[in-house]
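Chemist: Below are the structure tokens for one structure; questions will follow.
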Amino acid sequence: MGLPKSFVSMSLLFFSTLLILSLAFNAKNLTQRTNDEVKAMYESWLIKYGKSYNSLGEWERRFEIFKETLRFIDEHNADTNRSYKVGLNQFADLTDEEFRSTYLGFTSGSNKTKVSNQYEPRVGQVLPSYVDWRSAGAVVDIKSQGECGGCWAFSAIATVEGINKIVTGVLISLSEQELIDCGRTQNTRGCNVGYITDGFQFIINNGGINTEENYPYTAQDGECNVDLQNEKYVTIDTYENVPYNNEWALQTAVTYQPVSVALDAAGDAFKHYSSGIFIGPCGTAIDHAVTIVGYGTEGGIDYWIVKNSWDTTWGEEGYMRILRNVGGAGTCGIATMPSYPVKYNNQNHPKSYSSLINPPAFSMSNDGPVGVDDGQRYSA
């Protein structure tokens with residue numbers, strides 16, 4: 001016997017009322033924040049991030065931007081159904097244009113012909129369900145690019161640091177500044193804009209790269225120090241691109257090493273991301289270079305672990321988890337142009353994550369990595 005229509009209508013009205021009240025309750029901070037309260041938050045934020053302005057007019061202009069940022073954050077976080085949170089960070093007083101021009105320094109279009117089939121999906125291939133190169137000691141601590149659009153250099157260096165650790169067993173923090181000062185090309189111009197693969201090519205042509213300790217970061221363009229450029233502590237042999245728009249191939253690559261990627265980071269949600277699994281909104285007009293250092297699944301949601309170069313004050317101590325396995329270009333275009341450096345060992349192939357952390361989960365055949373049933377299986 002069905003329920004009376006009057007009962008169904010009353011139930012719908014009841015739950016609709018509860019939903020409205022819940023949203024109103026969660027968003028109460030939007031209406032309860034007084035101007036004095038927001039001003040106090042702003043002044044605390046200024047102290048935390050060491051911000052100061054030359055005039056009262058500039059202070060007030062930045063305060064208005066801060067208020068809009070805070071409103072966006074409150075509105076976003078009031079929705080308890082969201083998979084991620086946003087929060088106040090060092091970008092809270094910047095306009096969109098200032099943020100883009102200062103922190104987003106990646107440009108696409110270089111060396112698209114060097115696509116390798118090494119990590120093409122193969123029928124029956126099984127991948128680990130979880131990879132985190134941080135736990136294998138192959139990831140240097142979070143760095144900060146500062147007010148320099150050198151994200152391309154940070155991404156390139158992070159993957160070189162990673163493959164060097166995987167092949168040699170030694171983790172060395174390498175010099176982004178050397179790439180910015182000495183690695184300029186027609187398309188790669190230091191703090192202004194750059195290609196990740198131009199960073200790899202510089203290291204190959206130069207015969208190696210110096211350490212961060214010897215050639216420290218300054219967050220600005222400088223003259224190339226030739227003496228320091230000639231000190232070469234880490235080398236790579238070549239670089240390759242993962243098949244484009246193929247998240248399974250990208251996942252396969254990440255089981256063997258951290259991978260450089262680019263994505264669309266221009267939106268407010270990405271800019272102010274603080275925790276959780278980021279699902280957008282974002283497009284696929286890639287403008288920022290980062291590094292994938294792992295992947296996993298939480299609550300049935302697959303994600304990539306992304307290392308950024310915006311200090312530990314952004315995201316999850318400098319990292320982001322971003323939605324994985326959406327197909328095509330991936331979330332925010334993350335699968336559009338993945339690339340990685342190659343450093344040969346006696347097997348001409350890096351050790352897999354599983355072989356370094358757990359008993360080996362892969363064996364090698366003439367066709368590439370072959371897995372055992374401990375994770376995700378690919379089928380055509």
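Keep in mind that glycine also has a Cβ here, set from the backbone N, Cα and C atoms.
Checked Swiss-Prot, it gives:
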type	residues	note
ACT_SITE	Cys151	active site
ACT_SITE	His288	active site
ACT_SITE	Asn308	active site
BINDING	Cys151	E64 binding site
DISULFID	Cys148-Cys191	disulfide bond
DISULFID	Cys182-Cys224	disulfide bond
DISULFID	Cys282-Cys332	disulfide bond
SIGNAL	1-24	signal peptide
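Each of these features: where is it, how hidden is it, and who are its neighbours?
Modeler: Around Cys151 (active site), the same-chain residues six or more apart in sequence whose CB sits under 8 Å from its CB are Tyr103, Leu104, Gly105, Phe106, Gln145, Gly194, His288, Ala289, Val290, Ser309, listed in sequence order.
In three-state terms derived from DSSP, His288 (active site) belongs to an extended strand segment.
Close to Asn308 (active site) in the fold, though at least 6 residues off in sequence, lie Ile142, Val290, Trp314, Gly315, Gly318, Tyr319, Met320, each with a CB less than 8 Å from its CB.
Under the three-state DSSP scheme, Cys191 (disulfide bond) falls in the coil class.
The number of other Cβ atoms within 10 Å of the Cβ belonging to Cys224 (disulfide bond), over all protein chains shown, comes to 15. In the three-state DSSP classification, Cys224 (disulfide bond) falls within coil.
The 10 Å shell around the Cβ of Cys282 (disulfide bond) contains 20 further Cβ atoms across the protein chains shown. In the three-state DSSP reading, Cys282 (disulfide bond) counts as coil.
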Chemist: Please name the residue among the disulfide-bonded residues Cys182, Cys191, Cys332 whose C-beta has the most neighbouring C-beta atoms within 10 angstroms.
Modeler: Cys332
Chemist: With every protein chain in view, how many other Cβ atoms are within 10 Å of the Cβ of Cys148 (disulfide bond)?
Modeler: 24
Chemist: Please report the Cα separation of Cys282 (disulfide bond) and Cys148 (disulfide bond) in Å, rounded to an integer.
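Modeler: On Cα coordinates alone, these residues lie 23 Å apart.
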